[in-house]
Amino acid sequence: MDQSAAVEGVPQKKYLTLRRSVDVSSSYNRLYYLKKHGLSLPPIEPETSFTANIMPPDAYKRNDRIVNLPTKFTHLSSNKVKHVIPAIQWSPEGRRLIVATFSGEFSLWNGSSFTFETIMQAHDTSVTTMKYSHAGDWMISGDADGTIKIWQPNFNMVKELDRIHTEGIRDVAFSNNDSKFVTCSDDNILKIWNFSNGQQERVLSGHHWDVRSCDWHPELGLIVSGSKDNLVKLWDPRSGQCVSTLLKFKHTVLKTRFQPTKGNLLAAISKDKSCRVFDLRASMNELMCVRDEVDFMELEWSTINESMFTVGCYDGSLKHFDLGQDTEKPIHIIPFAHEKCISAIAYNPVGHILATAAKDRTIRFWTRARPVDPNAFDDPTYNNKKMTGWFFGINNDINAVREKSEYGAAPPPASTAFPQQTQYNNNISRVPEIKEPTPTTDKEQRTSILPGLSI
């Protein structure tokens, strides 16, 4: 018998491919146990084994909120036929990410394993905006033709409002009780609609150029809009009149967002390279103004921490801000998050994952950092050492294709291991600067070297 033929007949052993998965259910179980028995949160010390002590984002709403910064690159996803991605939106329970493309398609991605689930043709033209209702029962999408479509959670379209604007729709927002919604468009006006019957109720006119953004206050009867005429206007939805105008910006206002948790603050970004936060309780007093060398393109508040928000920039970088820690500069920067301009940002409702999309036609998922991560600053999103297939990287272990570096590919050798500490460091000041660590002494090795978790 031919030996080679016998070998060919034997089925070859197949090796499993590891796929990263993010699941917070076990940490929620532990948090409920601690609350039930009146126990305090476990400490997080600078040692790898303390990763198990990281609780869900809800546990760090006020104290140690820096733990919730999504600074670690976890996964990159893209469609086979790649298009620019104007909008992304998490489902209300946070299990799936809905991605809208320039071709008018919806694609669904799993929120824990980041696998592709399905794709469908939703609009005839580019989908420009999407928004779920507060109750999570409906989703509204708008396109470049000025058409609005209303969807059920199973993506069954129940109503279409054809060409309600003469130009493309830029943004949409639900009222706090989901009974009405507002749309804004490049035709210089905003419109308020009754959600039950789809009838137009008010026309908000006052801008002199394209209206690029709108938002409805989470508690009050108040609408904010930002326009290409450099103005930010506040509207009364009952009378349809403008109640206040902010003249702080010198160029197109790209995004205006109320603070979703309490509604006390209003954040806005503009093409004049500035990001400003206003306090509604103090006659719209300017609480923060940050300028940069590149344009701010996208803005999104954290769904858990009331003082934190994230801004996406024209050069593809991500910048995290915390008003309770620093009002003059971002507390953390991911300099090479994308290759091109960031076009959409969305926080998972649970708060443990941040999804971003850009004109490089990819979706990237970011999670919270881990204590003493040896790959912290050696990631290509920080040092820009990107090559073919870099996004598989060391995070996927078996199928790693990125070359190993001195500090980033594996844990430090035994001689330089981080010793365990018995006391919890409560003096968390701020995130360290974005630079690749070069530990030289034992004292320096004890300091934090991971992005987003200064412990």
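Using the three backbone atoms N, Cα and C, a Cβ is placed for every residue, glycine included.
Here's what Swiss-Prot has on this protein:
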type	residues	note
COMPBIAS	432-446	compositional bias 'Basic and acidic residues'
REGION	406-425	region 'Disordered'
REGION	430-455	region 'Disordered'
REPEAT	80-119	repeat 'WD 1'
REPEAT	122-162	repeat 'WD 2'
REPEAT	164-203	repeat 'WD 3'
REPEAT	206-245	repeat 'WD 4'
REPEAT	248-288	repeat 'WD 5'
REPEAT	291-331	repeat 'WD 6'
REPEAT	337-376	repeat 'WD 7'
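For the repeat 'WD 2' (122-162), the residues of the chain that approach it from at least six positions outside its boundaries are 86-89, 91-93, 98, 100-106, 168-174, 176-178, 181, 183, 185, 187, 193, 195, 198, 218, judged by C-beta separation under 8 angstroms. Taken residue by residue, the repeat 'WD 4' (206-245) breaks down under DSSP into 0 helix, 21 strand, 19 coil.
For the repeat 'WD 1' (80-119), the list of distant contacts is 19-23, 74, 125-132, 135-136, 139, 141, 143, 153, 155, 343-350, 353, 355-359, 361-363, 365: same-chain residues at least six beyond its ends, Cβ to Cβ under 8 Å. Summarised by DSSP class, the composition of the repeat 'WD 2' (122-162) is 0 helix, 20 strand, 21 coil.
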